[in-house]
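Below: the structure, in C-alpha cells.
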C-alpha cells in the first residue's frame, strides 16, 4: 500500500531587511548605550496658553518663540525670564529668523513681519514692515504679476544674508523667494523643487541649501552677472526615499546636516580642496521623523516626532558621539535652537544650552556638557558616499 505524503506549503520567505539608504555608513546606534546622567539636565520648563510651539530662534542673549497664537515671546538668557512680546493680528508663527538688529517672522497668511530691535536701556522692538508690502503687492496685481509677489502656500523656513541685503523664504508651494531687505521687494522666485520645500539653510559664502519632500537637498549658488536668474542649481544631494524635513549648517559651512522622516540625520562634508560636498554618514537613534536641527560649535542637536531630542558631539576625526537623550516632552518636538556658554556653576569646559519647543505647548531649556572627551577611545571611520546628480 502506497502512502501519499502531503507536501506542506513552504513558509513565505522573510521580508528583506529594509535599510532606508543603501551603501550608507551609520554612526553606531546609541539607543542602548549608557549615557552619563550628570552630563545633561532640564533647567527650565514653561507652559503658556499659546498652543503648539512652532518655531524658535536665538541671538544676542535673547530667545524668541512663535506658536499658534499671535504672540512672539521674548526670553532673556541665562535666567530665561520673559522680557517682551511681539504682537500682530495674524496668528500662527511658522518660521523665525533673528539678526543683530532685526526679527523676521513668517505667519500662516504667507506674509513676513519684520521688527527692528533697539537697546535703549531695555530691549525694544519696533514693527517696520510686512512682506510683501501693500504697495508692491498692489502694483504687481495691476501688472498681472501678483503670483510672483506672494507665496501661494505656507512659508516653511527663512534665511537671511545681511551683507548681500537678501532675505530668503521657502514655501510648501515648491518655491524660494528672494527679497531685497532694503525695500523688501521680491527680486527673484526660484522654482526649487517638484515637491514642497521644508527647510533652507544659508552659508556665509552665500551658498543656499534647500530641503524638500522629494527626498533631496539642492545646492544653489548666486551669480551676480546672470541677469534674470541669479541663482543657479549646482548639485543635488539625494537621500533616496526619505523626505528631508530640516537642515543645519556648522558655523564654518564645513558640515551640512539633514533630518529626514526615516529618523536619521544625514550629513555631508565639504572637501578641503575641491569644496564639494561628500556624503559622510548618518546619525541614528530617533524612532520617528526628525523635525528640527541645530548646530553650534562642535555640537549638533535634533528634535523628533518621537518626543525626544538628541545631542551629538562632532569629534576631530569626523565621528559623532551621542552624549544626551533629552526626554520630557509629551508631544513631537517641532523646533530647537542651541548656543554655547559657560554655566554659572561650571568652571571647566564650555557647555551647550539647548532650547526645545514642542507641539505639547511646552518650552524646555536644557544644559548639556560634553563628558566624553576624556573617555572616548580612538576609532576608525570608514565612509561611503552618495552619487551626486
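Each residue, glycine too, has its Cβ placed from N, Cα and C.
The model shown is predicted, which means the values in this text are computed figures rather than measured ones.
Here TrEMBL flags 9-19 as compositional bias 'Pro residues'.
What TrEMBL records for 1-20 is region 'Disordered'.
For 148-189 (among others), the entry in TrEMBL reads repeat 'WD'. The predicted model assigns the repeat 'WD' (148-189) a mean pLDDT of 93.
For 190-220 (among others), the entry in TrEMBL reads repeat 'WD'.
With a cut-off of 8 Å between Cβ atoms, the residues of this chain six or more beyond the repeat 'WD' (283-312) that come close are 26-27, 29-31, 40, 245-251, 255, 257-267, 320-327, 329-340, 350, 352, 354, 356, 358, 366, 368, 370. Taken from TrEMBL, the feature repeat 'WD' covers 283-312 (among others).
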Counts by DSSP class (helix H/G/I, strand E/B, coil) across the repeat 'WD' (283-312): 0 helix, 19 strand, 11 coil
Same-chain residue ranges lying at least 6 outside the repeat 'WD' (190-220) that approach it to Cβ under 8 Å: 153, 156-161, 164, 168, 170-178, 231-249, 252-253, 256, 258, 260, 268, 277
Residues of the repeat 'WD' (190-220) by DSSP state, where helix covers H, G and I: 0 helix, 18 strand, 13 coil
